[in-house]
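Just below is one structure, and these are the notes that go with it.
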Amino acid sequence: MKISNASLLALLLPAASARFVEQAEQNRVMLFPDGIPEEPKSTTKYHIELSPGDTRWVTEDEKWELRRNGQRFFDITDHAELGTFNKRPYKKSVFPKKPTQKKDLEPLLKNLSKTEMEDHLTTFTSFHTRYYKSESGRQSSEWLLKQVRDTIKAAGADDTVTARHFEHAWGQNSIIATIPGKTNATVVIGAHQDSINLWLPSVLAAPGADDDGSGTVTILEAFRVLLQSEDIIKGNHENTIEFHWYSAEEGGLLGSQAIFTTYEKARRDVKAMLQQDMTGFVSRTLQAGEVESVGVIVDYVDPNLTDFIKKIIVEYCDIPYVETKCGYACSDHASASKAGYPSAFVIESAFEYSDNHIHTTDDLIKYLSFDHMLQHARMTLAFAYELAFADFAKLEKGHGDL
């Protein structure tokens, strides 16, 4: 069956544009007179894991078809060994019984800025796509690294705090910013920087405002304000804090798998990992008559870390949380979990009310709430600061209420 350009666009573009496409169909307007741009074809096979032990080999087109149907997965083609290097006996994760740093955090929380997040997100979404194999995806990563380094320099922290690319073969690199503490015990805050249009990833625009531009700028803002603490930039805190911006999450958690494979091989002591993926969309929650809240993922996460994050939300956020589920391999925290590290994930809402514009040309800033993103930034900043000063050695020995 031959399909016209206009008919194909009706499938590719947001529903809001469908009326224009229908009119073009009636008038036989050729929107692509030279033909629909073709996605580069590849016969390469990729090994994916859809659930524990459920693997198959697929083409790249089949990967995107699975994603369009809502199926998430690890692409384990190059990372089949993730989770096999850490042979230490299982040790139950332990976290503080309650938040203890509110006095020091209160002045910092007041410095979080919606304007900073909006300015960064406006530029970040101006790249045609942040698809991890694209040139604009590479450029967006370079731009983001510069913002992170500029943030460090503006804080006067460039003698101690570092930011670097974690390089990948596909061109768009992940980014790791490190705030050294007194010990090598590490707390990780993550988001993914790439975007995708699941119809023609190499061709169509993917502004990715919510997925995951919102998470990217949310943790960048938490990072900026965290560096306003003299104790933090002087390294007076116990634990090393890392902020990660992962490449190629949309391709099957590729960037985070590469990083956590390296960490697992090196026996890095990661105490906690929190992922922020989609932090700005609340419309469907409110339309359903539900209370604005943040969504705490409760499947395929560390329950003790998740309970601690709930306490952080209650203590430091102005809105409540709701428990929700997102399935296997639904974001980069899954890579940390697979490596044996306690991980957690907080999203913008109950999963069923999350943003329905993602992976299209219509994932735009106009649908987002920066007030809601501010709540995620408050949680992220408080999480980082509280665990920066946690004495995990004492906690793991069962001493004290730290």
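Residue numbering: from 1, along the chain as shown.
Every residue gets a Cβ built from N, Cα and C, even glycine.
If you draw a 10 Å sphere around the CB of Asp277 (Zn(2+) 1 binding site), it holds 27 other CB atoms from the protein chains shown. Taken from Swiss-Prot, the feature Zn(2+) 1 binding site applies to His192, Asp211, Asp277, supported by similarity to another entry.
According to Swiss-Prot, the feature Zn(2+) 2 binding site maps to Asp211, Glu250, His359. DSSP gives Glu250 (Zn(2+) 2 binding site) a coil state; it is part of no helix or strand. Shown in sequence order, Arg67, Tyr131, Tyr132, His192, Asp194, Ser195, Ile196, His359 are the residues of the chain, 6+ apart in sequence, with a C-beta less than 8 angstroms from the C-beta of Glu250 (Zn(2+) 2 binding site).
Cβ neighbour count for Cys330 (disulfide bond): 20 (other Cβ atoms within 10 Å of its Cβ, all protein chains included). Residues annotated as disulfide bond in Swiss-Prot: Cys326-Cys330.
Taken from Swiss-Prot, the feature N-linked glycosylation site covers Asn111 (among others), and the record attributes it to sequence analysis. Cβ-based neighbour count (10 Å, all protein chains) for Asn111 (N-linked glycosylation site) stands at 12.
For Asn184 (N-linked glycosylation site), the number of other Cβ atoms no farther than 10 Å from its own Cβ, over all displayed protein chains, is 11. Residues or ranges marked as N-linked glycosylation site in Swiss-Prot: Asn184 (among others).
The Cβ of Asn304 (N-linked glycosylation site) has 15 neighbouring Cβ atoms from other residues within 10 Å, across all protein chains displayed. What Swiss-Prot records for Asn304 (among others) is N-linked glycosylation site, and it gives sequence analysis as the kind of evidence.
Look at Swiss-Prot and you will find 1-18 tagged as signal peptide.
Non-local neighbourhood of Cys326 (disulfide bond): Arg72, Ile297, Asp299, Phe345, Ile347, Phe351, each in the same chain, at least six residues away, with C-beta under 8 Å from its C-beta. DSSP assigns His192 (Zn(2+) 1 binding site) to a strand in the three-state reduction. Cα proximity to Asp277 (Zn(2+) 1 binding site) (within 10 Å) is found for none of the glycosylation sites Asn111, Asn184, Asn304.
In sequence order, Arg67, Asp194, Ser195, Ile196, Leu198, Ala206, Gly208, Asp212, Ile358, Asp363 are the same-chain residues whose CB sits within 8 A of the CB centroid of Asp211, Glu250, His359, the residues recorded for Zn(2+) 2 being left out. Sequence-distant contacts of Asp211 (Zn(2+) 1 binding site), defined as residues of its own chain at least six apart whose C-beta falls under 8 angstroms from its C-beta, comprise Ser195, Asp277, Met278, Asp355, Ile358, His359, Asp363.
According to DSSP, Cys326 (disulfide bond) is assigned to coil rather than to any helix or strand. Rounded to the nearest whole angstrom, the C-alpha distance between Asn304 (N-linked glycosylation site) and Asn184 (N-linked glycosylation site) is 21.
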